[in-house]
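Peer 1: The structure's right below; bear with me while I get my questions together.
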Amino acid sequence: MENLYISIISLEILFINLYTTHVCLKRKYSAYITWSVFLAFTVVIMTTVIPLLRKFPSYGSGSGLFICIGFLYIIPLKFLFHQSIKYTLTVMCSVWIYTMFSFSLSIQAGSFITGPQNRLFVVIFQTAFYLLTFPFFFKLIKNKLVYILQNVDDKTLNSLLKLSLSWFLFILFLNVSFTMGNPPVMKIIVFIFLAINSLLSYHLFYSLVFMNKTAEKLDERTKRDILTKLRNREGFIEDAQKMMNKDIPFSIIFIDLDDFKTVNDIHGHSVGDEYLVRFSQTVKGAVGKKGHLYRISGDEFIFLYEGHDVDSFAQSLKHIRFTRSKNLIEFKGLSIGCSSFPKDGRNLNDLLRLADFNMYQEKKKKHRMSAEIS
């Protein structure tokens, strides 16, 4: 009867491991073929390896060393699924941590029951534990672990595999230590694996933080204008939206450089580029910490003003000039249109349209005045 209980415990663990691994990997063949191979391989294990294990004194002691047989399943898994060995092993180790913990918990719970009913209690406890916890564990593995594995680089995958394997071995040797009466050598092994797990955890977190910082730098590059080094339209939208979410008042000053097309047509694009750079530098130097300048496109800029008197500030921008250099013509002026949050609205697109409209109204006014003079 004891062998029957041991077989039930082992088959439960095996089924949990294989089912979860099967769902988390992409199989090459049909489910029927895949599970047929699993069944055939299990029969081979049960008729060849298990009889050999029964000859060892520790068999049936609750040490859980038999779970290591699960490593043999990497053989059929390699041929039945598309994922790499490292990917597959990481999934397997993650599931083994759960099943090894469940087994160890069941063995320790069974220690309260003495006599022939001990193994039956372990079977009942383990089965009940799986029924209660497996749906949550399965959801975690399928939704979280698979997502991680599908999106990490090879270096981080290596770290995750080492950490998963180390945690499995830690729980395994901890359980062996309990069942063997806590001999000193097992205590040492357990503490060694605990130290290794700590180091691997820090290494993995370092890799994740490094990847996150790299992603932030790449994201920042997409939001910065190459020529002027100012943040671009995407950067402006991000910054403005953050201020709106915090309900911080601000004003949008839409800037269009006057006669910039003439600068490009007469003097060439290299002079035009220098003109844009000099304008950006001059504004940044003149306004201090009153806000931020963004290049939206071509000769269009936006100043995100964080002060209160936007009209006075906008007028001061119109008086900006930069000194003429060897290759640079004098500044030809600019046209400005403003809108304010929340005074003129709480929708960013509406505020942009209003500032743009006001800017073009000023530009039309300049054209009319120029036509009247001429």
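Placement of Cβ uses the backbone N, Cα and C atoms for every residue, glycine included.
Pulled these features from TrEMBL for this protein:
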type	residues	note
TRANSMEM	6-25	transmembrane segment
TRANSMEM	32-53	transmembrane segment
TRANSMEM	59-81	transmembrane segment
TRANSMEM	93-114	transmembrane segment
TRANSMEM	120-138	transmembrane segment
TRANSMEM	159-176	transmembrane segment
TRANSMEM	188-211	transmembrane segment
DOMAIN	248-374	domain 'GGDEF'
Peer 1: Looking only at the recorded stretches 6-25, 93-114, 120-138, which one has the largest tally of CB-CB distances under 8 Å to the transmembrane segment (159-176)?
Peer 2: 93-114
Peer 1: Apart from its near flanks, which chain residues at least 6 from the ends of the transmembrane segment (188-211) lie with a Cβ under 8 angstroms of it?
Peer 2: 152-153, 155-156, 159-160, 162-163, 166-167, 169-170, 173-174, 177
Peer 1: Are there residues at least six beyond either end of the transmembrane segment (93-114) with Cβ under 8 Å to its Cβ atoms? List them, or say none.
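Peer 2: Result: 9, 13, 16-17, 20-21, 62, 64, 67, 70, 121-122, 125-126, 129-130, 133, 137, 141, 145, 161, 164-165, 167-168, 171-172, 174-175, 178-179.
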Peer 1: Pull the DSSP breakdown for the domain 'GGDEF' (248-374) and write it out as helix, strand, coil residue counts.
Peer 2: 62 helix, 29 strand, 36 coil
